[in-house]
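Peer 1: Structure incoming, see below.
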Amino acid sequence: MYSIKCDDNKAMPRERLMRLGAESLSNQELLAILLRTGNKEKHVLELSSYLLSHLDSLADFKKMSLQELQHLAGIGKVKAIEIKAMIELVSRILATDKTLTDSVLTSVQVAEKMMAALGDKKQEHLVVLYLDNQNRIIEEKTIFIGTVRRSLAEPREILYYACKNMATSLIVIHNHPSGNIEPSSNDYCFTEKIKRSCEDLGIICLDHIIVSYKDYYSFREKSTLF
């Protein structure tokens, strides 16, 4: 469980933030500022402690649905919505901070960006980065969002945008909602197929990366396909 310390002698979080800066506040205090008020049973600091004590880590916030958050904290719909909005805003800030504006250098560089973007998705997403001859991103394209009837994508869909963008190379990324990053037999077949199709058109498939919310698998780093 997430460890919480509650010190009743501390000044209220807003005053501490003004005096010491946001970086000096605990997670409990920062959450209390977002909650603003407690409920009938708990003071706002107690309520934030209660919520955090039910999490293994702060990353669990992102995986919780609006209904789960509202039920767990007993904070009502409005506060739950505000927390979810804050989480999404933070995710977008992090994604922007990790945007690959220059050259793509390593698989881990791509994986970190896509773990933040796709790690918490409940459905399988397939994203392709199309690169120029200096490994700069021309376009980041979501090719499909998976359903029970369909898994991954056909090479023609991926190559259509490669030709449209006059891409020299590409990187394929998809997530495993289960959290297990080990590639399936279908993942291997798909990787071989897209790599072969790229070669037929003179386009380089640099990597196929599988991501979860906390880890990744790179076919270039760990398989013999590249």
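Backbone N, Cα and C atoms are what each Cβ position is placed from, and that goes for glycine too.
Quick paste of what Swiss-Prot says about this protein:
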- His174, His176, Asp187: Zn(2+) binding site (BINDING)
- 103-225: domain 'MPN' (DOMAIN)
- 174-187: motif 'JAMM motif' (MOTIF)
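Mind mapping these onto the model and telling me what they sit next to?
Peer 2: In the three-state DSSP scheme, His176 (Zn(2+) binding site) is classed as coil. Residues within less than 8 Å, Cβ to Cβ, of His176 (Zn(2+) binding site) and separated from it by at least 6 positions along the same chain comprise Glu124, Ile210, Val211, Ser212.
In the domain 'MPN' (103-225), the DSSP tally of helix, strand and coil residues is 42 helix, 38 strand, 43 coil.
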Peer 1: Just counting, how many other CB atoms are there within 10 A of the CB of His174 (Zn(2+) binding site)?
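Peer 2: Step by step: centre on the Cβ of His174 (Zn(2+) binding site), count other Cβ atoms within 10 Å, giving 24.
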